[in-house]
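Here is the structure we will look at, set down as structure tokens.
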Ligand SMILES: Nc1nc2c(ncn2[C@@H]2O[C@H](COP(=O)(O)OP(=O)(O)OP(=O)(O)O)[C@@H](O)[C@H]2O)c(=O)[nH]1
Ligand SMILES: [Zn+2]
């Protein structure tokens with residue numbers, strides 16, 4: 001049985017980029033940071049504790065941890081939490097951001113649609129299956145297009161509520177692009193609504209966060225919200 005996740009492991013005292021610090025500061029300042037406490041645990045220590053906790057959960061459910069199909073489930077869940085679906089809690093995993101000067105003086109809307117992501121509902125720890133649309137009006141800075149998808153993905157890799165996820169992407173891009181003129185819209189299916197509880201198989205939730213001209217100008221907002 002695997003005893004650790006040391007392979008390909010980045011320990012959390014690794015380098016924090018200037019962009020990661022800038023984004024974290026902007027989220028704290030705006031009150032939009034995910035409620036977190038610094039417990040001082042390394043990635044490896046988090047993995048070990050979660051694995052032990054899930055051994056307890058799985059055996060408490062009455063499942064046989066010596067069965068070869070179940071034996072590694074606590075390991076898999078711990079690895080998945082720390083390295084995959086909750087990796088966005090660790091700012092060392094913030095994507096490398098390429099921002100360039102707007103030398104070509106682009107002043108029309110840049111809009112990226114159909115950014116697919118999955119996240120995890122922080123109330124029930126089950127999947128949120130979503131699609132994001134992000135736009136901005138360039139000022140002095142232009143961002144590499146794939147970096148928008150990566151930012152969406154980074155914040156999706158946290159326990160989330162959809163409203164906060166939407167706002168975190170907005171504030172992050174406002175900070176990195178040095179402009180208020182950013183808009184984010186998300187449509188998502190919550191599996192805590194679909195697969196349990198009220199068991200609604202068809203509903204989806206739309207959230208929108210608008211900054212600057214996207215909020216003030218009907219025309220700009222309309223252009224963003226249109227397909
Ligand atoms: N606003 C918001 N609510 C969410 C989100 N994800 C899940 N929820 C809701 O969080 C609420 C938690 O309500 P509780 O009554 O504490 O939990 P519960 O008893 O499991 O509720 P039910 O889902 O109605 O069975 C539920 O209404 C969920 O639908 C989200 O992203 N945003
Ligand atoms: Zn939920």
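Cβ atoms are placed via backbone N, Cα and C, with glycine included.
Per-residue pLDDT, averaged across the domain 'GTP cyclohydrolase I' (50-226), gives 97. Sequence annotations record features per position, and here TrEMBL assigns domain 'GTP cyclohydrolase I' to 50-226.
Per TrEMBL, Zn(2+) binding site is recorded for 121, 124, 192. In three-state terms derived from DSSP, residue 192 (Zn(2+) binding site) belongs to a helical segment.
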